[in-house]
């Protein structure tokens, strides 16, 4: 549907790339002392708008990896972080909008 929202498979490589970008940007902007990693993409939609806008609902888990000033971790490093014991785990559900314009190349987290 041109201009409309279309459901996307959460395992689609483009969706996974947008999710990884969202996790990195979330952690960069979060005031939490610890990194949150992707548990799963719950739902994904896309919209063609001068590029592609991905609308993602994701579950994130707080890790035991402490943030270091001036040395942000990338997505793969964050995903390799350990989790605290189950009774101490913190899970959050986030909605992200990722706007991808590969010809620029430009990707941004708009929400």
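Cβ atoms are placed via backbone N, Cα and C, with glycine included.
Feature motif 'Secondary area of contact', per Swiss-Prot, maps to range 47-51 of the set 47-51, 52-56, 57-61. A separation of roughly 40 Å, to the nearest angstrom, links the Cα atoms of residue 65 (disulfide bond) and residue 3 (site 'Reactive site'). When averaged over the motif 'Secondary area of contact' (47-51), pLDDT in the model lands at 88.
Each residue contributes its Cα atom, and for residue 81 (disulfide bond) and residue 3 (site 'Reactive site') those atoms are 38 Å apart. In this view, residue 65 (disulfide bond) is surrounded by 19 other Cβ atoms within 10 Å of its Cβ, with every protein chain counted.
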